[in-house]
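Visitor: There's a structure below that I have some questions on.
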């Protein structure tokens with residue numbers, strides 16, 4: 001600091017000898033104000049001090065509320081500047097310093113400005129789901145790390161087929177004020193099935209990125225419980241309850257067995273009928289052969305007549 005002051009004094013003395021004027025550090029710029037603002041930028045302007053030669057300006061800025069952080073600095077020659085790459089919906093502090101050959105001016109008074117809102121910048125955090133019943137599941141989540149404004153609601157997407165396009169998934173919209181609870185129950189699910197789900201946040205400026213995939217298996221339904229319950233023999237209360245639980249599948253099995261038995265009897269009856277028809281046909285053939293054999297024998301007309309009557313009445 002002493003060396004800097006020494007050289008500053010030497011510079012001022014040389015300036016005084018050369019021009020007859022004593023060189024001094026400049027006065028701070030005046031009327032620092034915000035002229036435009038967006039989700040990721042703030043544009044400021046200020047008034048130079050009249051009659052002073054300024055080499056350039058330093059614009060310092062930082063997020064409000066963090067006094068321990070160091071100001072970021074940008075340099076420019078014009079008395080206006082747009083600060084970019086700022087975080088949406090965030091308060092910032094700004095000040096400007098004028099610089100000449102002698103040194104820096106005092107900084108202007110700090111002004112504050114909040115950047116505009118935008119769509120959420122990150123997905124909802126810590127998405128989790130638990131099954132409440134065979135047809136319902138509770139989904140919970142935390143708000144996005146960068147909401148970039150006021151969250152207007154959330155959308156839950158869920159499906160049994162995670163490989164299909166997201167536009168074909170079932171959607172549940174969670175608007176305000178329910179969105180502030182950051183939880184919702186999805187209904188009309190199928191029992192004992194694995195559902196894939198994800199969540200996104202949205203604001204009046206658009207939707208944010210979607211969360212990672214989460215899965216939940218619904219609880220078994222009544223039919224699943226019945227099919228998995230073993231039948232215990234014996235006249236006990238447990239076996240009675242098991243028999244009641246298994247009554248439907250047992251009735252179905254009995255119906256199938258009865259149908260099979262009826263079909264077997266019909267098939268057997270048809271076989272017997274076919275056997276009788278074959279036996280009758282064979283007998284007719286034998287009688288015809290007998291008629292042929294007796295036709296050449298004298299006095300066999302009565303026998304032939306008898307055989308013919310048998311054929312007619314078969």
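Placed from the backbone N, Cα and C atoms, the Cβ positions cover glycine too.
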Visitor: Tell me which range among 224-253, 254-283, 284-313 TrEMBL lists as region 'Disordered'.
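Guide: Of the candidate stretches, TrEMBL labels 224-253 as region 'Disordered'.
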Visitor: Note the mean pLDDT of the domain 'Fibronectin type-III' (123-221), expressed as a whole number.
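Guide: On average, pLDDT over the domain 'Fibronectin type-III' (123-221) sits at 97.
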